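Per Swiss-Prot, the features are:
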SIGNAL    1-24  signal peptide
CARBOHYD  40  N-linked glycosylation site
DISULFID  80-91  disulfide bond
CARBOHYD  90  N-linked glycosylation site
DISULFID  130-138  disulfide bond
DISULFID  140-157  disulfide bond
DISULFID  209-223  disulfide bond
DISULFID  211-218  disulfide bond
LIPID     215  O-palmitoleoyl serine
DISULFID  283-314  disulfide bond
DISULFID  299-309  disulfide bond
CARBOHYD  300  N-linked glycosylation site
CARBOHYD  304  N-linked glycosylation site
DISULFID  313-353  disulfide bond
DISULFID  329-344  disulfide bond
DISULFID  331-341  disulfide bond
DISULFID  336-337  disulfide bond
């Protein structure tokens, strides 16, 4: 018996809602941009992978920014892989950009983290590029209005967070503001999580100081406002990932809003990551749900955390193997002023999941 046209249409619409295809993080494919591409003419913008029309237009009008944004894309991949290296989902699928699997195409907890991290990373990289003088359109951040304490003075070159936030959000949010970019629920989710990433970035701005004085006495400290490293921001976002709230798209009055699924008596908090679709346990390989599985992943036999062999291997057990490690040893300090070391080799036992 052939399925009815109505059934096929309903199935198609259901698939669209489940995948929630959105182009918001496809720009991470810029990480693959060849270094030989000079990016000094506006026609080069069309050659860049993963950009939507509005991002191509931003590229043409802000050509000097693009090398910095390419660097941000590389930082997102490196930082995400490092942050989740000890978990079943290890962010490996981010390297498939712009052709993601369902772990990042759907409105999952994992996509929530990547959207937040990518929004933070692009603003972070631009803010730092202003400080180092790599961008002609910006310079150091403003001197804070508050008076520093005794023995302190404002100086140095602050990270230009304000410029980073303005230009970063223009670029990273552009795909979600297109009319044809997935379901409304997914767009709202991605915009919310991107803003959470920028909030964590703003909260990371801290006072950094350098000592001045006779014989290193540090009688005066020159201080400026600087951002924490992206890896620290990613760790804060990972904690939000672990406590993320599942939401539903529910009518309230004449409009629909995202509200917590299990506690919809309160609105979504501005500081929490949110997701629409539950994730698999990532134990077994299943590309239909975007899971690479944990077979052959390295695990820690003595750990009680997420990298433990019990958790990482999902109860399947693990295999030991011997690995040779070369490290520096027998180091000697020579006056003045250098250190020489020998190279020593030792064998260590490691474990991989069955």
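Cβ coordinates come from backbone N, Cα and C, glycine included.
Owing to the predicted nature of the structure, the values given are computational and were not obtained by experimental measurement.
Known features from Swiss-Prot, placed on the structure.
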{"residue": "40", "record": "N-linked glycosylation site", "Cβ neighbours (10 Å)": "10"}
{"residue": "91", "record": "disulfide bond", "Cβ neighbours (10 Å)": "22"}
{"residue": "157", "record": "disulfide bond", "Cβ neighbours (10 Å)": "15"}
{"residue": "209", "record": "disulfide bond", "Cβ neighbours (10 Å)": "18"}
{"residue": "211", "record": "disulfide bond", "Cβ neighbours (10 Å)": "11"}
{"residue": "218", "record": "disulfide bond", "Cβ neighbours (10 Å)": "13"}
{"residue": "299", "record": "disulfide bond", "Cβ neighbours (10 Å)": "20"}
{"residue": "309", "record": "disulfide bond", "Cβ neighbours (10 Å)": "21"}
{"residue": "336", "record": "disulfide bond", "Cβ neighbours (10 Å)": "5"}
{"residue": "341", "record": "disulfide bond", "Cβ neighbours (10 Å)": "11"}
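Around the Cβ of residue 223 (disulfide bond), a 10 Å sphere holds 18 further Cβ atoms from the protein chains shown.
Residue 91 (disulfide bond) falls within neither a helix nor a strand when secondary structure is assigned with DSSP, and so counts as coil. Ranking the disulfide-bonded residues 283, 313, 337 by C-beta neighbours within 10 Å puts 313 at the top. Counting other CB atoms no more than 10 Å from each candidate's CB, the disulfide-bonded residues 80, 314, 329, 331 peak at 80. Closest in space to residue 130 (disulfide bond), of the recorded positions given as 91, 211, 304, 353, is 211, taking the CA atom of each residue. Sequence-distant contacts of residue 300 (N-linked glycosylation site), defined by Cβ-Cβ distance under 8 angstroms and a gap of at least six in the same chain, are 86, 307, 308, 309, 312, 351. Annotation: 138 carries the greatest number of neighbouring Cβ atoms among the disulfide-bonded residues 138, 140 [cut-off 10 Å, Cβ to Cβ]. Residue 138 (disulfide bond) is 18 Å away from residue 40 (N-linked glycosylation site) when you measure Cα to Cα. Separating the Cα atoms of residue 283 (disulfide bond) and residue 91 (disulfide bond) is a whole-number distance of 14 Å.
A helical conformation is recorded for residue 130 (disulfide bond) in the three-state DSSP classification. The Cα of residue 336 (disulfide bond) lies closest to that of 157, out of the recorded positions 80, 90, 157, 314. A Cα-Cα distance of 18 Å separates residue 91 (disulfide bond) from residue 314 (disulfide bond). Cα proximity to residue 313 (disulfide bond) (within 10 Å) is found for the following recorded positions from 138, 140, 211, 299, 304, 341: 299. For residue 304 (N-linked glycosylation site), applying a Cβ distance below 8 Å and a minimum sequence separation of six or more within one chain yields no residues.
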